[in-house]
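Right, one structure below, let's go through it.
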Amino acid sequence: MTGTTKVRRVGNAKPPTRASKLLQNRWAGIAGLLIALLAPFVNASGYALSVMTSAAIFVMLAAGLNIVVGYCGLLDLGYVAFFAVGAYTSGVLSTRLDLPLLVTVPAVIVVTVIAGIIIGAPTLRLRSDYLAIVTLGFGEIIRITANNLDVTGGPSGIYGIPHLTDSPVVFYYVTVVVVSLAVLGAARLGRSRLGRAWRFVREDEDAAEAMGVHTYRVKLAAYIAGAVWGGLAGVLFAAQLSAISPTSFTFLQSALVLMAVVLGGMGSIPGVVIGAVVISILPEILRDLADYRFFIFGVLLIAVMILRPQGLWPARSKEVS
Amino acid sequence: MSLLSVEDLRLSFGGLLAIDGLTFSVGEAEIVSVIGPNGAGKTSAFNCVTGFYRPTSGRITLRGKDLPGLRPSAIAGLGVARTFQNLRLFGELSVLDNVRAGSHLWLKQSVFDALLHTPRYRRSERECTEQAHHWLDFVGLSGDRYSEARNLPYGEQRLTEIARALARRPDLLLLDEPAAGLNHGEKAEMLDLIRRIQALGVAIVLIEHDMGLVMEVSERVVVLNFGKEIADGRPEDVRRNPAVIEAYLGSDAHA
Amino acid sequence: MTQLVWNGLFVGSFYALVALGYSMVYGIIKLLNFAHGDLYMLGAFVGFAILGAVGGVSSSMALPLLLVVLLATMVLTGLAGVALERVAYRPLRRAPRLSLLITAVGASFALEYGMRAAAGADPRVYPVRLGGTSVEVLGARLTLQQLVLVGVAVVLMIGLNLLITRTREGRAMRAIALDPRTSSLMGIDVNAVISRTFFIGSALAGAAGVMAGAYYGKIDFLMGFLIGLKAFTAAVIGGIGNIPGTMLGGLLLGLLESFGTFWLGGEWRDVFAFGVLILFLTVRPTGLLGERVTERV
């Protein structure tokens, strides 16, 4: 069909606030990065650095899960499985084969892609709610397997993983750079052809399919992207702690990442980053409430879904344009 | 050779025969209407052609290629686009993004282009947006293109859905009750739009209850009743066909 | 061999009891009540609290007392389930499925960690334990307490099946499962029926919780997590939404686990169970007795 008929232009063709919106998002990103970069000048105690590094890693996890849940609308309750796969792959390779941590990164990417396919391929044909429980089951399978195998060190896990650098400050900055790139990458994927396809699937799978979107493949791509993000966050995690064990990869961790994504606003990059920072820093500030914090998180999840399902900093339809 | 050919199509849900032997064909740039009372199996036939249902038996071919068994997305890739009876827009996305879904398959852009924002990425995104505007202009959508699709008035949602389908640049367009719920003026515009789409060289299969529109625009009309095909011919012949009149007006024998 | 079968059936009857609530709720409002396993946990703690309030009992009186506590717990857990639906799920009945699922995860969290805040993180020891004499049947050792518990489970399941197939209430439930809007047009009070469904499902989970507490002797705030997953697995194996199928699925999962543990070792038991779940969902997502549905566009 030849689509070059001359037609009269009607309606407003210019987005009213597009430039300002873009600027706003970019400024929000730069401001966030600046805060992260300047934070050590305010407080560079070992404790503060470890909390901030953990928060940055958590941001990366949230950005990855956001691809799956926020963009594509697939509820993954076992996201921590990919975190674990990444951490264990780099941990096992670096301690057993004496490889520098950086060298394990390509292997981590390959293994997490495979993990994403293994978990996604059989389950992505299912209804969305079945998917939720199956991913939860997979998360448990990975954790229990790590707990039972010899190569992963059983219940005591792996220790003596080489640090990337000896200075906690330098490691913090490395983490911030990696996480920023990951967040930027996720945002760019979201604005790409693939990212649009994810949203089409989230909005209406049948209509997407009718428009020529191979929905199964697109969902698998979301899964794989999420897996790689999670796995790379796992490498950072292993490098930070230099010891990992199955207790770091429970359902609780998956639920917390989900909470960060939901609280901030599914599909919204600034929202998800803020959500992740809040979820990871808040408990450190509110130590006295430690006993109640997960209870409060649970209640908060319900309240957000009922009162403000778009989250604190919602994604705009315009943001996609 | 005709563009689309449906031969002896049958579809059953459990014991219920939704389509019982439907045969028709559509030539290039031809407009064929499928009419019949509610529940006659019209939409089911659409779903068979577009791959959402797998026919129980019969053949469906597009330019000689068998369609059943292909994914709906694969059939869409062969040049078939459709609209849905109950509007299936991507409600939370902007009007423009909805239409971009149509140009989606034509985009030449890889994941790496997107991650690195290569010139190819920028170019393809720009083209995609221009295309979307072009088709929104073509259908004559005057409302805000950056607002969420679900906030548009009903008639404009219909137009958006058609623009989205056109952006696929199909050879065959299936329209499922495009005039339903439109007022008199909007119906006249729809009639004009259908003709302009045909003028682009697109063949159209139309499901429609508005007989005025059907008789005006169609080159041929296929009539279904309880899943059975009871007539296939030029509008003026079908209009006079006793079996059609009986199906529409009912008779004591069937009542 | 017979021992493995008996162990499997015993554990399976627990799974079935919990799975029924899952299945009923899913059947009627198509919601995976993620917090269902936590209602089982709640039941165990409610029973624990009641027993604590009653004080010490001689072991001869343990069984009748336990039955009374069981009934009281069922009522209380049932009401908790109703409250959960009213507060968390009802406002979202028309919302996208994703919102509802996330809410259910939140509810599960709130119940688990609410209980942790109330009762502490450490396991509690049940004040009553059924000491039992064991009998040998066909080479399998089974204790009197096991027999009683399985007996109670069977009675509850038969009762439920009668309720659903024979009564007005059951007919209303089945009608809503098919088409809520038409049901309400036909004069069925949809909200009331959904509430009662939650009541029954939660009561069964609560009963299972008390029984588990009395049998295993220890309870903790996370005890519902794993059994919730297992119960879902059981429901899927049998055909979710299908009551006899769910019972069958529970028993089958118990048997599979019992044999799987024997072959692979106890540490792989849960992996095996989830493996079965994934296999079933891939090969036959409608379960053994579920109907095949053509999804309409």
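From the backbone N, Cα and C atoms, a Cβ is placed for every residue, glycine too.
Here TrEMBL flags C:6-27 (among others) as transmembrane segment.
What TrEMBL lists as transmembrane segment is C:39-57 (among others).
Positions annotated as transmembrane segment by TrEMBL: C:63-84 (among others).
Annotated transmembrane segment per TrEMBL: C:96-115 (among others), in sequence order. Same-chain residues lying 6+ beyond the ends of the transmembrane segment (C:96-115) with a Cβ under 8 Å from its Cβ atoms: 30-35, 37-39, 41-42, 45, 84, 88-89, 221-222, 224-225, 228.
The transmembrane segment annotation in TrEMBL covers C:144-164 (among others).
Counting residues 6+ beyond its ends, the transmembrane segment (C:193-215) has Cβ neighbours under 8 Å at 14, 17-18, 20-22, 24-25, 28-29, 33, 36-37, 39-48, 66, 69-70, 73-82, 84-86, 90, 126, 128-130, 145-146, 149, 152-153, 156, 160, 163, 169, 172-173, 176, 223-224, 227 in the same chain. According to TrEMBL, the transmembrane segment annotation covers C:193-215 (among others).
Look at TrEMBL and you will find C:221-240 (among others) tagged as transmembrane segment.
Summarising the annotation, TrEMBL assigns transmembrane segment to C:247-265 (among others). The list of residues near the transmembrane segment (C:247-265) in space but at least 6 beyond its ends in sequence, with Cβ under 8 angstroms from a Cβ of it, reads 4-5, 7-20, 157, 230-231, 233-239, 272-273, 276, 287-289.
The transmembrane segment feature in TrEMBL is assigned to C:271-290 (among others).
Of the two recorded stretches, the transmembrane segment (C:221-240) lies close to the transmembrane segment (C:6-27), with three or more CB pairs under 8 Å once pairs fewer than 6 apart in sequence are set aside. The transmembrane segment (C:6-27) and the transmembrane segment (C:271-290) are not in contact, since fewer than 3 Cβ pairs between them lie under 8 Å (pairs 6 or more apart in sequence).
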